[in-house]
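A short write-up of the structure that comes next.
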Amino acid sequence: MNIAVLGAGSWGTTLAVLLAKKGHDVRLWAHRPEFAATLDAERENRRYLKGVAFPDSLQITPHLQPLVSWSEMIVTAVPSQALRETILGFCTLDLSGKILVNVAKGIEIGTGKRMSEVLLEVLPGVCPSQVAALYGPSHAEEVSKGQPTTVVASSSSLATAEKVQEVFHTSMFRVYVNTDIVGVEIAGSVKNIIAIAAGISDGIGFGDNAKAAIITRGMAEISRLCSKLGGEAVTISGLAGIGDLVVTCLSRHSRNRYVGEEIGRGRSLDEVISQMNMIAEGVHSSRAVYELSRAVGVDMPITRAVYQMLFERKPVEQAILDLMTRDLKQERD
């Protein structure tokens, strides 16, 4: 299959290599021509995925429209807040018959839209049955080394989800399917915010009790928002829900947990972000999800606390005190 992977960060590069090794005809798009030339010359992404050699068959290109026209499947692996701008670059092309697989996890700031909603809004010729999401506990650092990983391909069309499953599945990259793309995208977006909270807990020096509470009550927030927006509760107990939440809150590879940890140690958000060469999606998602939760009337206290610490400069100690001294309630609330 002809597959275009849009976005040459760590995850886009990892998936491009995985698909090329499987025998697909894969072309990886890099936004900046000079970066594309460097990738092609070095046959390795030394900036975002050092040490992973490109298969000879993997081609690199900065030319978006010819790539999209050539492709049968388009994998969008750009940061969530850059998705709209990227796909506007080919919104006039005929996309009939093509499958679009989004792998970026986030909610768009300003609109509150999930990534599949952005795709459908910007690409008027695309129908929901052409769009899928590939989410789950899948750090690029481990997938690129061939370590066992499981994810879920989700689409409103089971046939589309199963096609994505067939295309991506390998002996070490197991792909499940479901049709709850709403639940999958909500879970995959909110978990990054909860991971920032978990990192803050680590940075302060709190113990396992606090971490367990953050993960568990974070799951409750994900579940409430998911249900409000039409997702299915069972999705939250799957790979895109608890699976991705656990790995993002605990892993040393988690950029979102790292941001939180540094905030917990007293550093400013600007200082932390300026020293990172990759995106921590939870920073943007905390603003977008906080605004979305207010718009739809869903109480998300951990999300609110993270937003306040990141963007309103609320002291970490005060945010924690406010969380712990809220009105008492039943666990299911």
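Each residue, glycine too, has its Cβ placed from N, Cα and C.
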Write down the one residue from Lys98, Lys105, Lys163 that Swiss-Prot lists together with Gly136, Ser138, Lys191, Asp244, Ser254, Arg255, Asn256 as binding sn-glycerol 3-phosphate.
Lys105
Which candidate from Ala133, Ala140, Ala220 does Swiss-Prot annotate alongside Ser10, Trp11, His31, Arg32, Lys105, Arg255, Ile279, Glu281 at the NADPH binding site?
Ala140
Max CA to CA distance in Å over the NADPH-binding set Ser10, Trp11, His31, Arg32, Lys105, Ala140, Arg255, Ile279, Glu281?
23
Looking only at C-alpha atoms, tell me how far Lys191 (active site, proton acceptor) is from Asn256 (sn-glycerol 3-phosphate binding site), rounded to the nearest Å.
9
Taking the recorded positions one at a time (Lys105, Lys191, Arg255), which has its Cβ surrounded by the most other Cβ atoms within 10 Å?
Lys191
Whole-number Å value of the largest CA-CA distance among Lys105, Gly136, Ser138, Lys191, Asp244, Ser254, Arg255, Asn256, listed as sn-glycerol 3-phosphate-binding:
16
Rounded to a whole number, how many Å is the Cα of His31 (NADPH binding site) away from the Cα of Ser254 (sn-glycerol 3-phosphate binding site)?
24
